[in-house]
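See structure below.
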Amino acid sequence: IPSRPVGGPCYLGKLTMLAPNHTDILKILANSSRTGIRRKRSVSHLDDTCSDEVQLWGPTARIFASILAPGVAAAQALKEIERLACWSVKQANLTTSLLGDLLDDVTSIRHAVLQNRAAIDFLLLAHGHGCEDVAGMCCFNLSDHSESIQKKFQLMKEHVNKIGVDSDPIGSWLRGLFGGIGEWAVHLLKGLLLGLVVILLLVVCLPCLLQIVCGNIRKMINNSISYHTEYKKLQKAYGQPESRIV
């Protein structure tokens, strides 16, 4: 340890591996993101039962909620974001279904047009006429973009699947932190974290609870002593024996 450390209390982060500073944490996160390893996350896709009724607050409600109850405002914002995501997923699914039905209709119309053209050509040949006898019959162009449309449908479905709900954020964080660990290890670490949180809460809250209980007991004892003192004073003032005073 240098005799003249520079940096105040934060200098401890430069002396031990267990307390890295902010720059070291950013470097570790940057190196882990460059590995390119995709880890499994506990993300579930939104289904048709989710609520898509978006009801945004007005300016007055937002201002009062932000000043008086910031936690309520944040919870309301998260709820509306979830409903907007549900609305977007349902809207994309409806759009994909509608475009798929239109593609089926266009395909059937295409087949009908080709059949009619074949019938017209057959009738013209049967009567000894060629396509040159009718203006515009020799050139027939019917474009087909079904393959491109199918690819775009697939892209739309992939984009919809990107919207999901992380049902186990702690487990996802542990998997991202420790790499490809098994589910049993994830459950074990979650149990250890839960126990650590409970112990920390007890360490933080137990002195306060003990102080409150001791204060109440001390107050009760003081009240009892004061009542007994007042009782003695009343006995001396009225000169009545203790046995006759109830």
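Placement of Cβ uses the backbone N, Cα and C atoms for every residue, glycine included.
Keep in mind the model is a prediction, meaning the values are calculated, not measured.
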Pick from Asn21, Asn141: which one does Swiss-Prot list as N-linked glycosylation site? Asn141
Cys86 forms a disulfide with which residue in Swiss-Prot, given the options Cys50, Cys131? Cys50
Have a look at Asn31, Asn222 and find the one that Swiss-Prot tags as N-linked glycosylation site. Asn31
Swiss-Prot pairs Cys131 with one of Cys138, Cys139 in a disulfide bond, so which one is it? Cys138
Taking DSSP helix as H, G and I and strand as E and B, the region 'Fusion peptide' (58-78) has 19 helix, 0 strand, 2 coil
